[in-house]
């Protein structure tokens, strides 16, 4: 019983346990068993590569053209500034402050010009609005001192200038508003959790193979950081064009792919790499898709990982996608988690690696019908470690398709089922 529990635990975690009774040696010197991997996928003959809806980095290949109501961007100016690239954001930041300093500097110069202060520069008996303001340059410097509140020095406002006092109040208030808006915009842009998604990994390929006697679509996710993603959740969508019964063509139709929403398996504890599984059942869009049809279909699976950054509490989202050519039929992921002395070690060198495994080539619908009719193979032998999957599958089919009766007659499985 204890052995069965340990095997079940290892299967759920998909780890390979290595004995640590001997002295630990460097990782480069360990003798790992070589496993045949396949990280490439060739396009079938006559099949042209399709444009991706989403890049592997999560960037969507969608451009909005002929937008007439561009004023809508100005109605949400804060978000528009945050979404700008850094070079444009810094340009706007510099221009806003420079323009406000120049504007109020011109007003200070205009007050001095109207009052006649510029005509009495150096006159000890004349009381100007701003002392030692002799031109536009000095007015511009006084405007900077006023708005940045660095303190007056050589130039200072006098009590005999009510219009200057009013302008001082207006510039102080507007300067505070500009500071709050621009500094807030820069702070939000700096603290955006977009870069946190750079350490969230998705496998290069998705795979389709048997798991618990059911066909499953699987892909792997991982987190490189020691600080975890809180309340992590995963969802997936199938992007595929289709035509309705009425003849309407829907390009890039989106269909939800169940990755454990009804069972809670979509809520992840992403401490170590996890394999996300989608069971291909009656509600799955892959229900009638066989291996041969997979090579002819054109679709894209978009996966979205969401959660809160542990350090800041902000929501982070990482995205990736798998084209139809990146879905490997009859493959499984190579285990990456090993049990060391006192801890578990994740080897990210094999994070994207897969190996071939015996998998029926028919669709899940036909597989379910065969199971109902009692035509399923009781067990499929595991393929040799370094290949030979095709030969092992042929031998298994030959062994179960025909059975020698005592009188020497060969009876097929369908005939035995009718008996």
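Keep in mind that glycine also has a Cβ here, set from the backbone N, Cα and C atoms.
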As Swiss-Prot has it, intramembrane segment corresponds, among 136-147, 196-207, 208-219, 220-231, to residues 136-147
In Swiss-Prot, of the candidate ranges 148-154, 155-161, 232-238, 239-245, the one given as intramembrane segment runs 148-154
Beyond a gap of at least 6 residues from its ends, the CB atoms lying under 8 Å from the intramembrane segment (136-147) belong to 100-102, 104-106, 108-109, 112, 130, 153, 155, 168, 171-172, 175, 178
Other same-chain positions with a Cβ less than 8 Å from the topological domain 'Extracellular' (112-135) and lying at least 6 residues past its termini are 142, 154-158, 160-161, 163-164
